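Enquirer: Found this in TrEMBL, in case it helps:
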| type | residues | note |
| --- | --- | --- |
| BINDING | His172, His237, His308, His514 | Fe cation binding site |
| REGION | 524-547 | region 'Disordered' |
| COMPBIAS | 524-540 | compositional bias 'Basic and acidic residues' |
Amino acid sequence: MDIIFGRNRKEQLEPVRAKVTGKIPAWLQGTLLRNGPGMHTVGESRYNHWFDGLALLHSFTIRDGEIYYRSKYLRSDTYNANIEANRIVVSEFGTMAYPDPCKNIFSKAFTYLSHTIPDFTDNCLINIMKCGEDFYATSETNYIRKINPQTLETLEKVDYRKYVAVNLATSHPHYDEAGNVLNMGTSIVEKGKTKYVIFKIPATVPEGKKQGKSPWKHTEVFCSIPSHSLLSPSYYHSFGVTENYVIFLEQPFRLDILKMATAYIRRMSWASCLAFHREEKTYIHIIDQRTRQPVQTKFYTDAMVVFHHVNAYEEDGCIVFDVIAYEDNSLYQLFYLANLNQNFKENTRLTSVPTLRRFAVPLHADKNAEVGSNLIRVASTTATALKEEDGQVYCQPEFLYEGLELPRVNYAHNGKQYRYVFAAGVQWSPIPTEIIKYDILTKSSLKWREDDCWPAEPLFVPAPGAKDEDDGVILSAIVSTDPQKPPFLLILDAKSFTELARASVDVDMHMDLHGLFIADMDGDAKKQAASEEQRDRASDCHGAPPT
């Protein structure tokens, strides 16, 4: 698997035209912008973990039936410092960097002290976030980098801490209909408290405020949730929302702050400070967006590790939310580069298969309900919520599907009742081998797979004027271990899951993590293109010989 994970990737600075086979829908116009690690060796030094690699942005621009590809490394401060030194000099989560051995003792001592409360990397390699009219490369630290989505040029660095007191933040924010951004971060021992902070970034400067100012200056804290442990906050990668509530899972996969403060001196990575406590609970926090206060009832479930929330919605006085859950934290361990070699089938065998789980939480628990009774009366799930003697509620999920990750939905249904999950399929390894469409209603699935092909996260793009939830296309960047098969952008019909087109590019493409699609047509133009395409289909059908 060195073909996929081990080699540094070359940039493709100038757009290169892809070879398209099949037919791209006429309405599909815009740019698929993706992010992920692309460089794991600098000089003679090498990162330990795949998630540590230097961020490589890439894009597929789709216009009038043609597709152009380009890629460029994020010119972060981390990238620039490493390249200038020709070695890894900035620490990442799984790789601790150390000073030049030629430095004097005073310089070394200062470096050790500066790592006690670490200033994290700005190597933003996980996702792309839209804020107003701007786009940012993001990771899970307090830094994000503004980028130009057309040229992939790196622009200014933004430090969340200037606007909200967080040391870490998720790479999976949510957006409301106005484009405002809702995100979460962890504030570590701020004024003697460790807490989880939900904050909102407005899409535009509020009316009446001084024009020309950045919306960032109007970031507001939405709600704060105290951590159950002052010095061991929970790790989390995402969170859920409904129309009126926020769902946050405080899972027993925790970061030991004391170990983190001494990791540099002990010559250990920050990743070594994460530990899963399987004997503890996962606390389910529900925050009312209208009052900006947590719901008072205490909900919990068994220990688990969740990286990705899928979706959530309100139904009959309950919150129903879906997550991809693991029984342990082994997933992170499997992506150490030492495991991703020629023996990767043995080294990366999953000990806990990712499972789509559905939970239900009662918003108004019956105080007169008997202890041990199920408080859920929702017909759409078999998930339960059992009342306990102390008033807490123990939630048990419905298990929907095994072997999927990197879930996406039609974002028009985010926070609302929905039917379809689009995800990458995983089997014996965490590395995806197929793309899955799972129907929650019928419990059935459709799949796309091809020999020697490794798909990225599938992204759903709705057709203009779509009436059905799955009326649109799926986009996924595919890399191959077959030297005769170049990488390509796959375009599937989201309804039938049949291939519409693929755009092959003769470039050194990397496997990415997350991203978004930027449409560049207005609604009327899209509808006209879709209408023309429907007429073409009709004429094709009328002109076809009878069968």
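Just so you know, glycine gets a Cβ as well, placed from its N, Cα and C.
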Enquirer: A 10 Å Cβ contact count, applied to the binding-site residues His172, His237, His308: which residue has the minimum?
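Expert: Relative to the other binding-site residues in His172, His237, His308, His237 has the fewest Cβ atoms within 10 Å.
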Enquirer: Given the recorded Fe cation site (His172, His237, His308, His514), which additional residues of the same chain have their Cβ within 8 Å of the Cβ centre, ordered by sequence?
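Expert: Counting only non-site residues, the set is Ile126, Asn127, Thr170, Ser171, Ser238, Phe307, His309, Leu406.
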Enquirer: Let's check the environment of His514 (Fe cation binding site): how many other CB atoms sit within 10 Å of its CB?
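Expert: For His514 (Fe cation binding site), the 10 Å Cβ neighbour count is 21.
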